[in-house]
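Quick look at what TrEMBL annotates:
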| type | residues | note |
| --- | --- | --- |
| ACT_SITE | E109 | active site |
| BINDING | D14, D108 | Mg(2+) binding site |
| DOMAIN | 10-190 | domain 'UmuC' |
| SITE | Y19 | site 'Substrate discrimination' |
Amino acid sequence: MELEPPFRKIIHVDMDAYYASVAQLDNPELRGKAIAVGGNEIRGVISAASYEARKFGVRSAMSSNLAKQKCPHLIFVKTDFARYKEISAKIREIFYDYTDLVEPLSLDEAYLDVTENKKGNPSASLIAKEIRQRIFDEVGLYASAGISINKFIAKVASDINKPNGQKTVNPEDVIQFLEELPVNKFYGVGKVTAAKMYNLGIFVGNDLKKKSLEELVKFFGKSGTNYYNIVRGIHNSKVKPNRIQKSIAAERTFNENISSEIFMIDKLEKIADELERRMKKSDTKGKTITLKIKYSDFTQQTRSKTKGVFMQTKRDFFPIVKELLFQEKLKNSVRLLGISFGNLNTEKKEPIWVQLQFEF
């Protein structure tokens, strides 16, 4: 099967180790050194790690204690979200010089639709290169980019030549690219789903493509339809300027079912750390906290509470999570727990779409 035009030209720009790079930009003595943003040498969770630290296995969402074990000379620096937001605004202004169709995903990444652009440049690859150069010249940071016919492929591509690189997947190369792509790189395929796919003999896109729609829906529910489409290059989600997020969530599936509420609190602590990180990264607050519980028999339950004020930090929302957990007796052992924020402080704006045919 070949994809048929017209195609859109989508760029995914992803800043390289953004929080850590900002710290190194503002503090020259930290450049070239292994640093971690957030946490401290005793406790806490890391928000980001420099590439120098990543060489030692230090990653975001890792406990400070474990990070220090992996990299004894690791330097911890405090988060500075006001500064991250300030620089992010400068980077977005560069994006808007090329197109108004900009969909920020967080402070450090965004989709751009440059099918029709303000520069009249027919090459999305050259636009991406120019944008990356301008970010370095005007802000002092490196960015990577992925360029292709839809958001999914562009996002995957942006990770291929990191740091400070870019990857273009042209329309004629999309099918082969997807067939050779490891399934754990597909959108929506986490560790648990990937393990399930491996057990079914699905390791790369071509393996996934051999499964019928009926089989994929049987194995993966509604997500099966999505997997069936994206491996064929079908992903029609448009770039949404000022995208409205209805909720931000974090959840974990456990290797073994748990029934102890003490263990659940421990797991929820870690989930709450991740949720706080995501809320801060997207510069978002919310009023409604929802606790998601999936039992060992695969039934699911949610419990919610809405406050009169916006919340963002774990200190503010975690007491509510514990209250929801103990609100009523659990009916079975638990295989998944999740926490989400709703009623976010976002405003709705209507995007305008343009569909054109062009040479890629």
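Along the chain as shown, residues are numbered 1 onward.
Glycine too: its Cβ is placed from the backbone N, Cα and C atoms.
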In the chain carrying the residue listed as 'active site', residues 6 or more apart in sequence that have Cβ under 8 angstroms from it: H12, V13, D14, M15, S158
Inter-residue Cα distance where the pair is D108 (Mg(2+) binding site) and Y19 (site 'Substrate discrimination'), in Å: 9
Intrachain C-beta neighbours of D108 (Mg(2+) binding site), sequence separation six or more, cut-off 8 angstroms: D14, M15, Y18, Y19, Y84, S88, K281
Cβ packing number for D14 (Mg(2+) binding site), 10 Å threshold: 21
Protein Cβ atoms within 10 Å of Y19 (site 'Substrate discrimination'), excluding its own: 28
